[in-house]
Amino acid sequence: MSKIRGLPPAIRDPGPGVELGVENGLLCQLIHSPEFNLFSDSVVFESTFIQVTKQGNWMDAYERSATIILGVTSSVPSLPLPNILLMANVTWPQGPFSTCSTLGAPVITLSRILPLKYVELQIYDRTQRILRVRTVTEKIYYLRLHEKHPQAVFRFWIRLVKILQKGLSITTKDPRIHFTHCLVPKMPNSSTETTPESSRPASSQSSETIMLLAAERAGSSVLDLSNRHRFSEDRYTDTKTDNSSNCKTASPVASLIGMPMRATLIHSLWEQEDSCETLLQAPVASSLGDNFLGP
């Protein structure tokens, strides 16, 4: 077995991410396997943790160490930041003749797949290398980085937490760059939550106004094409009364078209990201290069 027990030696190819045990690990193999086939074009950044609890001093949460693999990935490889959190439980088979040196292959069970916008990651204890993970259901995990991981791996997690909170220079956290949608979860506070809509920046209002106008025009054009097609089919078979009834039933269609268009404008983070968009020229999150790992 390799030094990092969760990483089989068969996939230890040359490369800093693989050698550190943060790329092409067991969690990546699991979700890319035919059983799941999830995010097959995206790289998974992962590490092995031990779940701990605090009772005066940090100690293992269970009598036997609860090993958890925590990872992040992107639902679309072209996204500049990860948007999916993955958690898997690791169990080691125990037999009557098994010892620490003869343990068999670990059993990986995928336990959580969560959008990162519904998860709060926090560096809770730097000296003990402990992360605090809180989910949308208020479930809180305290995870200590496995001792086999070098300190550099924990620095990667520190950088990831900072990126998720503040964003990269290519995201809307940089006021010099304007996008029509948000790539980073907004950090709500009392001042912004109570601010009326009219007090938002003019650039944000104008951008949203343009999108609303475009959505309404698109909806009206679709409605117009639908009416033309309907009139052409019924021109020789229906009476004037039938045609007038068709016009009357078209009004609900306008509201049905308009509502989803407006509803999509309230989405943030990654829902509106276009994987084919070439204007951003954003670095791929799966590259795990200078944009993520840092110097």
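Placement of Cβ uses the backbone N, Cα and C atoms for every residue, glycine included.
Note on Swiss-Prot: of 7-26, 187-206, the range annotated with the feature region 'Disordered' is 187-206. Just one residue in Ser65, Ser255 has phosphoserine written against it in Swiss-Prot, and it is Ser255. From Ser111, Ser220, Ser268, Ser287, the position flagged in Swiss-Prot as phosphoserine is Ser220. Checked against Swiss-Prot, the residues Ser101, Ser221, Ser275 yield a single entry marked phosphoserine: Ser221.
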